[in-house]
Amino acid sequence: MHSVICLFGAFIAAALFAPGSCLPTVIGLYGETIEVPCNNGNNKPDGLIFTKWKYAKDDGSPGDLLIKQAQKDDPTVSAMDGYKTRVSIAANSSLLIAQGSLTDQRVFTCMVVSSTNLEEFSVEVKVHKKPSAPVIKNKVKELENGKLTQLGECVVESANPAADLIWMKNNQALVDDGKTIIITSDVTKDPVTGLSSTSSRLQYTARKEDVASQFTCVAKHVTGPNQVSTPDTFQIRYPTEKVSLQVVSQSPIREGDDVTLKCQADGNPPPTSFNFNIKGKKVTVTDKDVYTLTGVTRADSGVYKCSLLDNDVMESTQIVTVSFLDASLTPTGKVLKKLGENLVVSLEKNASSEVKVTWTKDNRKLDKLPDFSQLRYSDAGLYVCDVSIEGIKHSFSFELTVEGGPRITGLTKHRSNDGKHKVLTCEAEGSPKPEVQWSVNGTDDETSYVNGKATYKLTVVPSKNLTVSCLVTNKLGFDTKDISVFSLFEEDKPKPGKNEDGADQAKVIVGVVVGLFLAAALVGLIYWLYIKKTRQGSWKTGEKETGTSEESKKLEENNHKADV
């Protein structure tokens with residue numbers, strides 16, 4: 001029956017039972033108060049007389065600790081050894097052990113006596129102690145590439161149970177393979193406290209890649225969480241296999257810049273002195289790895305090298321290119337030309353690489369420079385030429401002014417939207433901007449001037465038919481043009497609501513009709529004269545006139561029209 005109870009208890013309370021034991025287990029912490037429960041608090045039966053705690057001594061014999069009478073508040077401590085000042089009882093009858101130590105790892109029994117029964121409940125106590133933080137000691141000063149060397153010893157102290165140590169490289173666990181990695185661990189116990197210390201020694205075969213590797217030691221313990229030592233890096237010694245030359249100056253290199261050449265070798269410790277080959281000339285530098293060219297010119301472009309002091313064959317080469325850009329533009333500044341003249345624009349350039357040229361006119365980008373073989377007013381403006389290569393840019397500009405005497409290109413009229421005014425529009429070309437003079441008074445509506453083209457508008461109220469002149473002038477000449485303007489009042493009488501253009505159109509139609517009548521009369525007269533002459537010829541010869549009655553009738557009608 002006892003074995004069945006143990007098996008059942010193992011299933012329902014596995015977390016509290018020690019492996020291989022049927023007793024519930026309590027985990028206490030070293031140096032702190034350990035609470036040992038009495039039947040998990042179910043210890044107050046009816047008719048309770050007293051509760052007693054006892055323990056199993058090292059030799060297996062029982063030892064009394066204390067007794068608590070049900071009718072009394074304070075317990076009676078019966079222990080005579082080290083527990084005398086360390087034990088007490090809680091309100092729920094749990095045993096309290098102050099300043100827990102490894103000597104408390106034993107079995108404690110709670111005896112509950114009532115008027116009808118006597119029960120005992122045993123609990124096994126285990127004491128855990130978190131280890132000290134891991135520390136790597138006896139560290140090697142440097143590791144040699146490819147050689148098995150003891151890197152260091154990791155130590156943790158004062159733990160229970162003993163801690164496990166794991167070596168890590170770059171947060172990856174190292175595994176003992178018996179060749180390139182060998183790990184040896186030892187555990188020792190303090191004879192007084194019984195606490196354990198663990199040490200682990202790592203022998204490691206380094207590689208060049210381990211120069212930046214970080215080695216740590218991790219302590220794993222049941223009290224958790226894991227503790228990690230301070231990361232350590234180690235110097236790895238290996239010979240130089242490759243030399244590299246770098247140009248550390250900003251790119252691109254321009255004339256006037258300072259250029260720094262830096263020579264590096266992959267050996268460790270790295271070499272500190274080098275030979276620099278400056279366009280065929282050897283220059284030795286000691287205790288540094290750089291050489292500086294000051295104020296370079298395009299002549300400094302070429303091949304540069306560096307090598308070890310004791311091995312000229314192991315070298316590195318770099319090509320240095322000094323960028324330059326020479327450019328000039330003709331013309332520049334202010335350029336004054338006449339309308340229709342020719343302007344030749346010349347851009348000269350010389351550079352270390354392909355040149356990019358962009359043109360803008362009045363801040364607007366141009367696909368290409370316009371054709372200036374015959375200048376127009378619209379060609380005037382501020383032209384900017386940007387010439388550039390990577391890292392270098394030059395800008396040139398010229399401001400072109402195209403001048404010409406004024407010329408009127410159009411003079412028109414129309415009635416205003418409200419029908420109460422006449423609006424005259426005079427359009428002219430010229431530069432400088434022409435000034436306008438009208439032969440009649442009116443209101444200047446608006447004036448615009450764009451690309452040598454000027455537009456002037458005048459609003460008038462003609463009370464009679466007028467001939468209006470538009471005169472435009474500038475310092476280079478003048479031009480004038482006339483236009484007929486009819487009175488608004490006369491136009492309103494015959495055809496109210498019609499505009500002046502409609503009146504003019506009616507006059508044209510009347511003229512055309514009259515012209516057609518006159519042409520018809522003229523044709524009839526000519527035809528009549530022709531018939532008359534023909535008849536006279538017939539009378540002279542005595543020949544009878546031939547023709548149908550319809551033709552005769554048509555001739556008489558035409559003659560009649562001609563007489564009219």
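Cβ atoms are placed via backbone N, Cα and C, with glycine included.
Swiss-Prot records a disulfide bond between Cys217 and Cys154, which is the match among Cys154, Cys263.
Candidates considered were Cys385, Cys470. The record in Swiss-Prot pairs Cys426 in a disulfide bond with Cys470. Along the topological domain 'Cytoplasmic' (529-564), the predicted structure has mean pLDDT 43. Residue counts for the domain 'Ig-like C2-type 2' (340-399) under DSSP, helix first, then strand, then coil, are 3 helix, 32 strand, 25 coil.
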